[in-house]
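Below: the structure, in structure tokens.
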Amino acid sequence: MKETNSFSQKLKQFVLLFFPIFVTQMSLFAMSFFDTTMSGHASPIDLAGVAIGTSIWIPVSTGLTGILMATTPIVAQLVGSKKKEDVPHVIIQAVYLAICASFVVILIGLFTVTPILNGMRLEEPVERIAAQFLSIIAIGIIPLFTYTVLRGFIDALGKTRTTMIITLLSLPINVVLNYVLIFGNFGFPKLGGVGAAIASAATYWCILIITVMIIRTKEPFASFNIFKQLYRPSLSSWKEFLKLGVPIGFAIFFETSIFAAVTLMMSNFSTTTIAAHQAAMNFASLLYMTPLSLAMAMTIAVGFEVGAKRYNNAKQYGFIGIGLALAFALLYSILLYFFDDEIASIYTTDIQVHHLAKEFLIFAILFQISDAIATPVQGALRGYKDVNVALIMTLIAYWVIGLPLGYILATYTDWAAKGYWIGLIIGLAFGATFLLIRLFQVQRKYTTQNSRS
């Protein structure tokens, strides 16, 4: 990141920041994408089992990685304010937190996964695959969480191309392992959805190893000497980190868990409905990588400018990110409307699943506009380190409005499973509106402070 003087320079720098993040997020999502699509071609039961396992794993992993994402705005502001010497201590303390969080998640999972799955009244093969999926994916928790911290450091320096290269190097490993283990090729046993979990866990370890090697040997990362000194754990540092990270993590958890909750509540419907819902939701999540990547770029750009006390520049980056998100939303809506048949065919050859997935995809169109506003706005707010209000707004939008309304529509109207999608759409729209209002308030506050000073 560097200081810019014109809107065109900001737009160019933002795009150069965003594009590698986008490729990275798409590559990381591709692991889940290939898990789902390749499991679906193994059998509808494997697809449903992976869907249930993923619906439990994703909210937990994204919520906790969200806490660790506090690394990015903290480091970005330190770099913007010329306090490079403080960065190694922040990163090492965050790594300690990541490892501790990993063991806590694994311990909790040992006692909760089986009761949760038993209470869902799933078909026995689906429950078995989901349980095995979750048991095996736990092997990848430590490297995933640790990598999240190190990636936050790399991205905060504006070197998003590096994380892109790391992920692109790792993706082929995941695809090959999926091909070998899901379908039983090259003499390996045919494991179905369970093979997808093994592939993902192994890939997480590969990503961490590559990242550590780059930080130790390549500039500008090596000049920070991140691993030169293993600082003693500092509870005060953990407290400061968590003060920012916990609201970020819970906001992400509330958003991702609402979709997982819908998938779990759909366990009362048929395996066909679960599989179709998962296929449509998986593709909608694929499109979500764009506003998510824009949000991550906004956190870096806004955080850097706020650290340097250039508040008008931070405001302009906010407008750039939201404008690009809305443009992509229009493009994706057209894609979903005209190519729903082709999209559904990616996930399944089962006629019933294919037909129902097409119906769900139409609702995904309505997700696009709300996501294009809410997600980048949250990224900008994180750059300002303004996270508490966003947490409350997200909780209300998704869990007080979206899910209860979806349940009512699914249970007491003819919309059935589609009622959940309608509830989510209304909740997302509410959240987007109020998050945008909050961003305007924060921008006005900082701009006013700048004028007075």
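From the backbone N, Cα and C atoms, a Cβ is placed for every residue, glycine too.
Taken from Swiss-Prot as is:
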- 13-34: transmembrane segment (TRANSMEM)
- 49-71: transmembrane segment (TRANSMEM)
- 92-114: transmembrane segment (TRANSMEM)
- 129-151: transmembrane segment (TRANSMEM)
- 164-183: transmembrane segment (TRANSMEM)
- 193-215: transmembrane segment (TRANSMEM)
- 244-266: transmembrane segment (TRANSMEM)
- 286-308: transmembrane segment (TRANSMEM)
- 317-339: transmembrane segment (TRANSMEM)
- 359-381: transmembrane segment (TRANSMEM)
- 388-410: transmembrane segment (TRANSMEM)
- 420-442: transmembrane segment (TRANSMEM)
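The stretches the transmembrane segment (286-308) and the transmembrane segment (317-339) are in mutual contact, each linked to the other by at least three Cβ pairs under 8 Å (pairs 6 or more apart in sequence).
When Cβ distances are compared across the two stretches, the transmembrane segment (388-410) makes no contact with the transmembrane segment (49-71), since fewer than 3 pairs at least 6 residues apart fall below 8 angstroms.
Touching of the transmembrane segment (164-183) and the transmembrane segment (92-114) is ruled out by the presence of fewer than three CB pairs under 8 A, sequence neighbours closer than 6 excluded.
Under 8 Å from some Cβ of the transmembrane segment (317-339) lie the Cβ atoms of residues 10-11, 14, 18, 287, 290-291, 294-295, 297-298, 301-302, 305, 361-362, 364-365, 368-369, 371-373, 375-377, 379-380, 383, 439, 443, all in the same chain and six or more residues away from its ends. Recorded stretches compared: 92-114, 244-266, 359-381, 420-442; the one with the most Cβ pairs under 8 Å to the transmembrane segment (49-71) is 244-266.
Same-chain residues lying 6 or more positions outside the transmembrane segment (420-442) and placing a CB less than 8 Å from one of its CB atoms are 258-259, 262, 265-266, 318, 360, 363-364, 366-367, 369-371, 373-374, 377-378, 380-381, 384, 386, 389-390, 393-394, 396-398, 401-410. Remote same-chain residues near the transmembrane segment (13-34) are listed as 1-2, 4, 54, 58, 155, 158, 160-164, 166-168, 170-171, 174-175, 178, 196, 199-200, 203, 282, 285-286, 289-290, 292-294, 296-297, 300-301, 317, 320-321, 324 (criterion: CB distance under 8 Å, separation of at least six residues from the stretch ends).
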